[in-house]
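Below: one structure, written as structure tokens.
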Amino acid sequence: MIYSGDVQRIEPAPVAGPAPLDVAHLILAGFDRHYALFRYSAQRAKSLFESGDWHGMQRLSRERIEYYDMRVRECATQLDSALRGSDARTADGSRANGSAALSEAQTAFWQAVKQEFVGLLADHRQPECAETFFNSVSCRILHRDYFHNDFLFVRPAIATDYLDSRIPSYRVYYPVAEGLHKSLIRMVADFGLAVPYADLPRDAGPRLASDCQIQVLGSLFFRNTGAYIVGRLINQGTVYPFAVALRRNPAGQVCLDALLLGTDDLSTLFSFTRAYFLVDMETPAAVVNFLASLLPRKPKAELYTMLGLQKQGKTLFYRDFLHHLTHSRDAFDIAPGIRGMVMCVFTLPSYPYVFKLIKDRIDKDGMDHATVRRKYQMVKLHDRVGRMADTWEYSQVALPRSRFAPRLLEELRRLVPSLIEENGDTVVIRHVYIERRMMPLNLYLRHASDPLLEVAVREYGDAIRQLATANIFPGDMLYKNFGVTRLGRVVFYDYDEIQRMTEMNFRAIPPAPNEEAELSSEPWYAVGPNDVFPEEFGRFLLGDPRVRQAFLRHHADLLAPQWWQACRARVAQGRIEEFFPYDTDRRLHPQAAPPPRAAA
């Protein structure tokens, strides 16, 4: 031990193998490789949009989601090799979870690694993401007892409030000086798409007031078949968020398709129910800070996630969650609604999220932990078309035992004993999914007025249609498996029974051979494992007369196999139908061919 003034500090003891600075360099190099590939995927998205390669865009979006874990595993393997034979290597190699505590020398070594890593981030453009990568690699090495700020970045070490790219993250236009029309044309042309515009002067017509300043993020936001310009108008001190949607027409030209105005329009664009954007960002913190000024209600954790930086979103969510726990006193309790057969769900009333644990014993044939986790990963990798809630997945989450309601703790002990560990004043959850809390649709319909019920039932049917068109069959379509968002959108959130449409066989019920068969509780026809009979849906879904009338007005065709068979055939042919996150009244030229069944 060394004393510096009156402060006692531990110097890492000399060990065989790499020094702490070497380890810090290795981890940062792993992150830099990851982020270079991340940016390259956004640059590829631009060329895919220009060429209209929508299947390539979907494939790229799926592949990018897995980049991070691949780079973390790669870096942890390199680190394990570098530390082989070193005193700093933990007792069981690349993982210390379940191993003995670190020695004093190992403790000093790993603390020094973090200190050296902080020094390397002084001029880095993605320091917050690099810190998260450091955490991910370290969590593969250290026991959870060391998951605190001495070893990990539980709190950020580098401030990003005023961090920006070498080339500023947004451009500014002054329509008072050069005219609104010219400013708008230049704003769009500056993105440098290598494909002609259909009629840019027409599209950029005088739709806006002229006495304003326009600030636009310097990169396009690509998702599926669309690209978006995101910015803000500042006029006499008031900020007006906006986004411009770009689409390719059948001739291969780019059109300005829609103008989205205000926080509700942009909140829908950046909804947690949609696929992540592909955006080229040198400095993601600058982009997120800009977006936060447009969407003050949306947590930065969600913004990072929607930009494809879902691990950084997880880090920020966890920090926000710990901060909320410190400044609240209510207890975790069983979530309201009908109990599920697969998940044990609880909530913290003061926090707008639910916590979902897979039950130890699942009372469904062919269903186990691995199957459920595969289904959730399937949703993570899939285009959620605005109809499936995104989730955050966590392991080894330590929560204060005093914050658990007694009935919840008893339920966890009974239903998920393998996923919890009670350790003194702490309850450790070994695996949990966290997602946005929504009003369950069954509860919403029970109390809704006739006009609101009509809208909700129409939304419910639209959700089923759009999921099917995106090659997702919900499986269990009961109302309890759907939720209603703040903006009244119906979203599916129970994934254990989802299947791909192309795996299903939609059939008509054959005529009964006789009256006895028709009255029997057993089917008189053979049923395969993936057979679905849409004629049966009404029996389970339409018991409420109000719901039945509304459903038949808007979605009667969903009760017959023909619609499902036609949809399955289109999906099997590889057709991509886009459901844009805006209504037709946001379109600049409503007379043009509308995007398929857009939704606000």
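Here, residue 1 is simply the first one shown, and the rest follow in order.
Quick reminder: no glycine exception, Cβ is built from N, Cα and C everywhere.
Pulled from Swiss-Prot, these are the features on record:
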type	residues	note
BINDING	Ala335, Pro336, Gly337, Ile338, Arg339, Gly340, Met341, Lys356	ATP binding site
ACT_SITE	Asp390	active site
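Features recorded in Swiss-Prot, as mapped to the structure shown.
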residue: Ala335; record: ATP binding site; DSSP (3 states): coil
residue: Gly340; record: ATP binding site; DSSP (3 states): coil
residue: Lys356; record: ATP binding site; DSSP (3 states): strand
residue: Asp390; record: active site; DSSP (3 states): coil
Can you tell me the CA-to-CA distance separating Gly337 (ATP binding site) and Asp390 (active site), as a whole number of Å?
20
Pairwise CA distance, Arg339 (ATP binding site) versus Asp390 (active site), rounded so that it is a whole Å:
21
Cβ distance under 8 Å to Ile338 (ATP binding site), same chain, sequence separation 6 or more: which residues?
Pro440, Asn442, Lys480
Between Gly340 (ATP binding site) and Asp390 (active site), how far is it from one CA atom to the other, in Å?
19
Select the most exposed residue of Ala335, Met341, where exposure means the fewest other Cβ atoms within 10 Å, treating these as the binding-site residues.
Met341
Chain-internal residues, separated by at least six, CB under 8 A from Pro336 (ATP binding site):
Pro440, Leu443
How many neighbouring Cβ atoms, not counting its own, are there within 10 Å of the Cβ of Asp390 (active site)?
21
